[in-house]
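S.K.: Sharing a structure with you now.
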Amino acid sequence: MSPELGGGYDGESPVSADLVAGDGDIEASLRPKNLHDFIGQPRVREQLQLVLTGAKMRGGTPDHILLSGPPGLGKTSMAMIIAAELGSSLRLTSGPALERAGDLAAMLSNLVEGDVLFIDEIHRIARPAEEMLYLAMEDFRVDVVVGKGPGATSIPLEVAPFTLVGATTRSGALTGPLRDRFGFTAHMDFYEPAELKQILMRSAGILGVQLGEEAGAEIASRSRGTPRIANRLLRRVRDYAEVRADGVVTREIAHAALAVYDVDQLGLDRLDRSVLSALVRSFGGGPVGVSTLAVAVGEEPATVEEVCEPFLVRAGMIARTPRGRVATAAAWTQLGLTPPPDAVTGGIDVRVNEPQASLFDPEDP
């Protein structure tokens, strides 16, 4: 659990898009190996195919590539595919690991021509390393400062031509100079249920899980549009099927297993439902501040804001307003309650089916 989350949240929710213990090795076995095997993101795949094919035809390295989007959508898998399509070696690191310029210089000095350098969470790279990266991306060289004070000297070092692939969940947190140095930027969107079902059927084949078509659709519909969540739910359903049934995952088995893990039809878990229930039942639908809402569910504000809210907002159940969080009609309905007729969003009355006056109404004076 991240220290900033605190509270009672253990970070092990089956519908968390972040990596949790046990995901790493299994995710590696499920990753697609080339663009043809990658399911979903058709626009990104087409654009990347053009970028990579063009570079190979010219015999050079492609432009630096930035992959942005929420966690769990396949940015790391796409970076590995880029290296495989180019026939190059992949060097992996992360923004938080590059605390000093020397850390980056050591990594860059070990690159050979054509290598792909993947920096995950690139928005968290330290400022000194980021400034060194500017020169490396543009001119394939770095200036290493030796010594301190007036006697310090700068030694230029050549860097083999490489392709940087950066991944970020917060593209807005990137500085302008860094963002401008990427020649191609791809935003990865959430997946459709049909795409997630395809991913699940492929993963089931790799893991040796007997997964029925209807069961695949059932799991996909609760996966929040995220392949990482879909694959994690598949493993939990597999456990249930092997322990309490004959190992075959049917729709009924999937439904029963997901009920055990507190994942409902929309992919909401216990904490999500607690937040909705508190917002509607304790505060009449809001508006209410996130700190007050967090106290009501016994969690830290950061947990509510970073773990629960993104999906609840995307699902249209919570609206963020200047006055606080407001429950939408969908939230009331999800809890089996009737929305109030005078629904209010952020202090503004929602007017439904009101005819708009004509500018050319002959009865107007």
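Note: Cβ is positioned from N, Cα and C throughout, glycine not excepted.
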S.K.: Going by Swiss-Prot, LEU30, ARG31, GLY72, LYS75, THR76, SER77, GLU138, ASP139, PHE140, ARG181, TYR191 bind ATP; tell me which of ARG228, ARG232, ARG235 is listed for that site too.
M.R.: ARG228
S.K.: Any idea what DSSP makes of TYR191 (ATP binding site), helix, strand or coil?
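M.R.: Reduced to three states, the DSSP call for TYR191 (ATP binding site) is coil.
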S.K.: Go through GLY72, GLU138, PHE140, the listed binding-site residues, and name the one with the sparsest Cβ surroundings, counting other Cβ atoms within 10 Å.
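M.R.: Fewest other Cβ atoms within 10 Å, among the binding-site residues GLY72, GLU138, PHE140, is found for GLU138.
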S.K.: Of ARG320, ARG325, which of the binding-site residues has the most Cβ neighbours inside 10 Å?
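M.R.: Buried the deepest by this measure is ARG325.
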S.K.: Record lists LEU30, ARG31, GLY72, LYS75, THR76, SER77, GLU138, ASP139, PHE140, ARG181, TYR191, ARG228 as binding ATP; longest Cα-Cα distance in Å?
M.R.: 37
